[in-house]
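Here is the structure we will look at, set down as structure tokens.
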């Protein structure tokens with residue numbers, strides 16, 4: 001009898017849906033924690049995606065470890081791996097807040113009074129959440145990339161310098177390519193995460209442990225990150241300030257064409273390993289923190 005009452009209380013708790021403002025706050029906090037942990041890998045990923053093969057066939061970085069070593073040695077130690085973190089965190093707050101909260105919002109709207117949500121509704125919710133996030137966060141994503149790459153030329157650009165150089169209009173350079181990356185990513189990620197979470201949840205109590213949430217986040221992140229890597233490469237190249245010997249791109253299609261012509265199709269998957277290594281723990285940690293906060297809200301209301 002007591003056990004049944006506890007189960008019913010747990011079910012009622014899990015049915016409590018936090019309001020949008022609460023999910024926005026939870027998403028922001030979760031994003032800051034997750035992003036700070038994996039930022040050095042994001043830095044290395046950007047460097048690897050941007051580097052070109054020289055005329056003699058040599059590369060500045062021979063993989064992830066080599067990039068870590070050279071940045072630490074030549075660019076101010078470990079601190080060099082955190083260049084762009086300030087602008088990244090400024091962008092992460094609205095990015096994760098909007099992406100996570102709006103995904104839950106659209107899921108709730110699609111689901112209505114039903115006890116389940118259809119797969120296409122999960123896919124659509126993720127895509128719409130991705131669109132909302134990109135419009136708000138593209139400027140900070142662009143600034144972060146410019147700051148991460150600036151050390152290559154010897155001069156390290158500051159946040160103020162990058163923003164002054166780009167101007168308001170320039171801060172939205174590459175928005176189309178960012179949408180091309182983030183909308184499919186969100187569609188894949190949230191649909192896989194939602195399905196896995198549902199299948200691993202105890203159907204009697206509605207409970208799911210944090211390790212299982214972490215597993216869902218890591219698995220969904222790995223798949224979504226791998227599939228969307230070509231779009232991430234194109235976005236990075238469009239948004240990075242070109243050097244004297246770098247090609248100039250007229251748009252997404254032109255960047256695809258020139259990249260494949262000069263470096264082959266493999267170039268579209270540059271940085272795929274660090275990208276997966278970033279996205280997997282980032283979204284795993286972020287979703288765990290996010291779900292903890294949602295659970296806390298439910299237990300106090």
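Residue 1 is the first one shown; counting continues down the chain.
Quick reminder: no glycine exception, Cβ is built from N, Cα and C everywhere.
Swiss-Prot assigns residue 207 and residue 297 to topological domains bearing the same name, which places both on one side of the membrane. Swiss-Prot tags one of the stretches 102-122, 123-143 as transmembrane segment, and that stretch is 123-143. According to DSSP, the repeat 'Solcar 2' (117-199) comprises 72 helix, 0 strand, 11 coil. If you count C-beta pairs under 8 angstroms between the transmembrane segment (76-97) and each of 24-44, 123-143, 174-194, 208-228, 272-292, the highest count goes to 24-44. Per-residue pLDDT, averaged along the repeat 'Solcar 3' (208-296), amounts to 89 for this model. Counting only same-chain residues 6+ beyond the ends of the transmembrane segment (174-194), those with a CB under 8 A from a CB of the stretch are 99, 103, 107, 117, 119, 122-127, 129-131, 133-135, 138, 141-142, 216-217, 219-221, 223-225, 227-228, 231-232, 234-235, 238-239, 251-252, 255, 283, 287.
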